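Here the structure comes first, spelled out in structure tokens, and everything after it is commentary.
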Amino acid sequence: MATAGKVIKCKAAVAWEAGKPLSMEEVEDAPPQAMEVRDKILYTALCHTDVYFWEANGQTPVFPRILGHEAGGIVESVGEGVTELVPGDHVLPVFTGECKECAHCMSEESNLCDLLRINVDRGVMIDDGQSRFTIDGKPIFHFLGTSTFSEYTVIHVGCVAKIDPEAPLDKVCLLSCGISTGLGATLNVTKPKKGMTVAIFGLGAVGLAAMEGARMSGASRIIGVDLNPAKHEQAKKFGCTDFVNPKDHTKPVQEVIVEMTDGGVNRAVECTGNADAMISAFECVHDGWGVAHKEAVFKTHPMNFLNERTLRGTFFGNYKPRTGLPGVVDMYMRKELELDKFITHSLPFSQINTAFDLMLRGEGLRCVIRSEE
């Protein structure tokens, strides 16, 4: 392309400070260096993680910054040493990476790349410690190595998944974060078999993606657990057969589920990050063979392990970004995985702050933001 090797001036939504509306600015995006790729972002979606770091909740503030990490685009140019991608390739940027050389990448069981594992505080490129974005010569920091709230962005090649060019980027862009996280927690970690019972705790986008995985696996009974009764109707689109609101019961929700399933579910996936929900998810699985997935710290009686329950943690659904995500896209292309039902809003890039407002009000699942007006 004519822009290869040159600085590109483009629009980007810049977060200048915590909690303030993003500002549409003209930024300069430098060409990719060794083992880097410059992508033209066509579609990006807003994830709760973007909002969390925009608000700087409990984190080290890194501003000014270009947020965004769930997106789809086309390779504009590549840096020295990049051999797997060429300009024109359709790609998904990913907030974590796969160098294909470290012990984790060589393992069939792990996706925690030593080189490119998620780093929320790093606002620069990993190779030279510099930002590729500037305004009037001053650096604008990156976010999760992706910064997809920009028309063009430079990303390490290990954080870019090449996908089927026939796949619609306005749909599969969702797979670069939340949907794959939930889907893989079910398909790759808890691995329910056809006819099993599955409980999903937390029915946001990640939880519903986990539920979609249970549906795809042929689970005979899928129990959705959430404190918001309005989530029930929406969950039915994802295969939910039963809905339990812990506030409707006087006993712990795990006891309710054990009673309604004659001893417990076969699999449980916890998608809230709440310690109490983790305990409930673990203790509602059947003794002897139950498997529960969790996201963080929790406490339970050691006897629950002696009773042959299994607890598993996972990151990004256990998918390796470069070698695993193309297969998830293929699931969508084969009509096994349904993505349209996750998309509740669509907006032009100029209205990106409206997407933040929608999420802050708890409206919808995913808002897809298109770069073209």
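Numbering starts at 1 and runs along the chain as it is shown here.
Cβ atoms are placed via backbone N, Cα and C, with glycine included.
Look at Swiss-Prot and you will find Cys47, Thr49, His69, Cys177 tagged as Zn(2+) 1 binding site, backed by similarity to another entry. The secondary structure of His69 (Zn(2+) 1 binding site), as reduced to three states from DSSP, is coil rather than helix or strand.
The Cβ of Thr49 (Zn(2+) 1 binding site) lies under 8 Å from the Cβ of His69, Phe95, Leu144, Cys177, each on the same chain and at least six residues away in sequence. Taken from Swiss-Prot, the feature alcohol binding site covers Thr49, His69, and the record attributes it to similarity to another entry.
Mapped onto three states, the DSSP output places Leu203 (NAD(+) binding site) in coil. The Cβ of Leu203 (NAD(+) binding site) has 26 neighbouring Cβ atoms from other residues within 10 Å, across all protein chains displayed. If you look up Swiss-Prot, you'll see Thr49, Gly202, Leu203, Gly204, Ala205, Val206, Gly207, Asp226, Lys231, Thr272, Phe316, Arg366 marked as NAD(+) binding site, on the strength of similarity to another entry.
Within the same chain, residues at least 6 positions away in sequence whose Cβ sits under 8 Å from that of Cys102 (Zn(2+) 2 binding site) are Cys113, Asp114, Leu115. Cys102 (Zn(2+) 2 binding site) falls within neither a helix nor a strand when secondary structure is assigned with DSSP, and so counts as coil. Marked as Zn(2+) 2 binding site by Swiss-Prot on the basis of similarity to another entry: Cys99, Cys102, Cys105, Cys113.
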- Message: Using a 10 Å radius around its CB, how many other CB atoms surround Lys231 (NAD(+) binding site)?
- Response: 19
- Task: Using C-alpha positions only, work out which of the binding-site residues Cys47, Cys99, Cys105 is nearest to Lys231 (NAD(+) binding site).
- Result: Cys47
- Item | Zn(2+) 1 site shell beyond Cys47, Thr49, His69, Cys177, criterion: Cβ within 8 Å of Cβ centroid | His48, Asp50, Gly68, Glu70, Phe95, Leu144, Ser176, Gly178
- Residue from Cys47, Leu203, Ala205, Gly207, Phe316 whose C-alpha is spatially nearest that of Cys105 (Zn(2+) 2 binding site), among the binding-site residues: Phe316
